[in-house]
Amino acid sequence: MFRRLLIATVVGILAVFAVAGFRHAMLLLEWLFLNNDSGSLVNAATNLSSWRRLLTPALGGLAAGLLLMGWQKFTQQRPHAPTDYMEALQTDGQFDYAASLVKSLASLLVVTSGSAIGREGAMILLAALAASCFAQRFTPRQEWKLWIACGAAAGMAAAYRAPLAGSLFIAEVLFGTMMLASLGPVIISAIVAWLVSNLINHSDALLYNVQLSVTVQARDYALIISTGVLAGLCGPLLLTLMNACHRGFVSLKLAPPWQLALGGLIVGLLSLFTPAVWGNGYSTVQSFLTAPPLLMIIAGIFLCKLCAVLASSGSGAPGGVFTPTLFIGLAIGMLYGRSLGLWFPDGEEITLLLGLTGMATLLAATTHAPIMSTLMICEMTGEYQLLPGLLIACVIASVISRTLHRDSIYRQHTAQHS
């Protein structure tokens, strides 16, 4: 047992350096090609001329597609083992390391060029790769899946500053692929990754800054639960739209570089209306939480961002869909809150409350992981007073969504991009 805890600690540290390496590479490319040192792709897009804002995501997609196609032609074969940590956990616990690194590099290209895809997916993959590489050298074969799970949880903890949610992500999303008794090392890896990440960044700040002054009462619980019902209906719709967009891109029968370039071009066109469509949505989420916009502004940005996410994901851009889903949930919750706020004197607080609820419940509806989704929002914002209400709403959203759509967003995304 002591040996496992020691290895879990090492895996957590390796995951932090994997995540930090990707993050610093991303910041370097943004500085080199976009002249942006703010860390915000939305700021970068705002400061670019219209033609560069239009073409940059397309060129990034083209470069990523050429890289992926070139690697496949160079090796003259498809990956001989999984290039995704979920696939690795569901098979024999092995990766095609070279193909996985190329996939991560392609993700780096599309992320830094503005595609509306999550950077955290590549971070978690690299963390799992580091854990797998260590495990194959120093642990018996039957433990390889456990250490990949630890690496993924640690990567998620470092990327989102949410160690408990990172642990439960493994337990809920991949339920059945590992025994509950193995959760101890997973939690250790996640917490170690969170602590080391805080030390490296010289900060233990929350991922999102929120000023929610409301005290949750009976009326608020009713609104939170109703938001869960709404998210439970919206989740399957989002998954259906993502699947339809993917099929649409595939039906065009374009070579990977042109398919990814087309997805990037759509993002570029949308960014001419609002630069908020660039990136994974983190900056826009923070701005909405700081000062919730008016109804029509939320609706306009939401529609543009949704189309950008569908174009990026549908075209096969390598990256995560977790953070973009958080923004979509926030926007749905805030639109609902703004509509209800017309009849309540504290409309601003209701909008913010239901925005946070929307983040948690749409995440639950798309991942089918209600406990992880609840803890994720609480850990990222520090609003633990919402935990009871969010937990109920997330369970409701997950049940409704699972009834209407069998596959979670991760299983659907893995099936599309494998």
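Including glycine, each Cβ sits where the backbone N, Cα and C put it.
Per Swiss-Prot, the topological domain holding SER50 carries the same name as the one holding GLY314, which places both on one side of the membrane. Proximity of the transmembrane segment (5-25) to the transmembrane segment (352-372) is not established, fewer than 3 Cβ-Cβ distances being under 8 Å for residue pairs spaced 6 or more apart.
Only residues 6 or more beyond the boundaries of the topological domain 'Cytoplasmic' (337-351), in the same chain, are considered here, and those with a CB under 8 A from a CB of the stretch are 212-214, 220, 223, 292, 294-295, 298. Between the transmembrane segment (54-74) and the transmembrane segment (352-372) there are fewer than 3 Cβ pairs closer than 8 Å, counting only residues 6 or more apart in sequence, so the two stretches are not in contact. Cβ atoms under 8 Å from those of the transmembrane segment (380-400) belong to residues 160-162, 206-208, 210, 212, 215-216, 220-221, 224-225, 227-229, 231-233, 235, 289, 353, 356-357, 360-365, 368-371, 373-374 of the same chain, restricted to positions at least 6 beyond its ends.
Each residue in the topological domain 'Cytoplasmic' (337-351) gets a DSSP state, and the totals come to 10 helix, 0 strand, 5 coil. Residue counts for the topological domain 'Cytoplasmic' (279-290) by DSSP state, with H, G and I taken as helix and E and B as strand, are 9 helix, 0 strand, 3 coil. Look at the topological domain 'Periplasmic' (373-379): DSSP puts its residues at 7 helix, 0 strand, 0 coil.
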